[in-house]
Amino acid sequence: MSLTENLQLLLNLDSLPSKRENLIKRKECGLTIMLCGASGTGKTTFFNTLFATSLQPEKSYETAKETIAKKTLEVKKNKAVIEEDGFHINLTVLDTPGFGDFIDNTSCWNTVAEYLDEQHERYLIHDQNSLRVPRKDTRVHVCLYFITPVSFGMLPLDVLAMKELSTHVNLVPVIAKADTFTTPELTQIKQKIRRILEAQSIDVFHPSTEYSDYETAELLDSSLPYAIISSVNEVCKDDGEKSQGRRYPWGTSEIYEETHCDFLKLKKLLINRHMLELINTTETNIYERYRREQLTNRKSGIPKLKKEHYERLNNEKRAIQQKITQMTNETESFFQAKEEKMIETRDALNSELSEYHERIRALETQIESLKSYKGRGHKK
């Protein structure tokens, strides 16, 4: 499937956001979701499960090997159009293959943060240039960060990455593969992660009661981070009914069973209840903060430098520094050679002068001897 191919998907959206009329009034509604986290956390499977389609191809061993061999992090884009009863949502999903896959993952989140800022920058430039041309909104409305759970909560990489990304996008933490933990273990891990998020002042998205009833908003908020199970396969339960989930020798994990995972809660947050809030908070909070900072810190009309500009300027700076260093070394070598030659000349002159002094002293001695000899001969 082409990454830019638009797919017409007819999905059963149980309930559109409670402020559906506000969405319908728009000529079109765009929702951009970013999937971030280390490989193997189930990002692709989750998205295909959420929208009941193979919007993103499952990664094979060869694909993963190629990504690691590249040793680069990139942002890949897939597009689709969700439609129901004449209501259209232009959906864009962004994947981040290569995130956290290398031995040295220092600042691996910078590529993602720069991409997020670049979308805000494009929107800002359009605001400054013209209001007549329709704006193409490529801003990311929500980032689902797939946490790699460990006994003490989460890895330092996840903590640092989430802390950085939370200032650029609506961040929703997700614990993937929840069926690998027992219920008590999952409860403890959730508590530890919530404590870490609070201690590190990581700003995650909290659903508001303005966009859904109090009970729903409170339930969604208290369930953070969302523990999910993803599967595109149907399994047969003990009673003979079919359900989407995973089958194990000891039982079945169902993705739509709220006692098993938070998949339905996350779906309510993204699609059913708080989609409009994600879009609006991106506009009113995140973008406005970016816009205010940029207009305050730089001259009007001057676009923000992109990564490649910084790289070019840094390369030029390094070239100038190398040239200066080379010229300095050449000058020092020139004067050092001159100094050595002058010292050699000085030593030669001093040696010659010493020889003259020795000859003078020898002549003076001879003169004194002649005077003494002549004096003795005169007395006789």
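Every residue gets a Cβ built from N, Cα and C, even glycine.
Asp179 (GTP binding site) is surrounded by 22 other CB atoms, counting those within 10 A of its CB over all protein chains shown. According to Swiss-Prot, the GTP binding site annotation covers 37-44, Thr72, Gly98, 177-185, Arg246.
Residues or ranges marked as coiled coil in Swiss-Prot: 304-380.
The domain 'Septin-type G' annotation in Swiss-Prot covers 27-297.
According to DSSP, the secondary structure content of the region 'G1 motif' (37-44) in residues is 2 helix, 1 strand, 5 coil. The region 'G1 motif' annotation in Swiss-Prot covers 37-44 and rests on sequence analysis.
Secondary structure of the region 'G3 motif' (95-98), assigned with DSSP and counted as helix (H, G, I), strand (E, B) and coil, comes to 0 helix, 1 strand, 3 coil. Taken from Swiss-Prot, the feature region 'G3 motif' covers 95-98.
Per Swiss-Prot, the feature region 'G4 motif' maps to 176-179. Confidence for the region 'G4 motif' (176-179), expressed as mean pLDDT, is 82.
Within 10 Å of the C-beta of Gly98 (GTP binding site) there are 22 other C-beta atoms, taking all protein chains into account. The Cβ neighbour count for Thr182 (GTP binding site), using a 10 Å radius over every protein chain in view, is 9.
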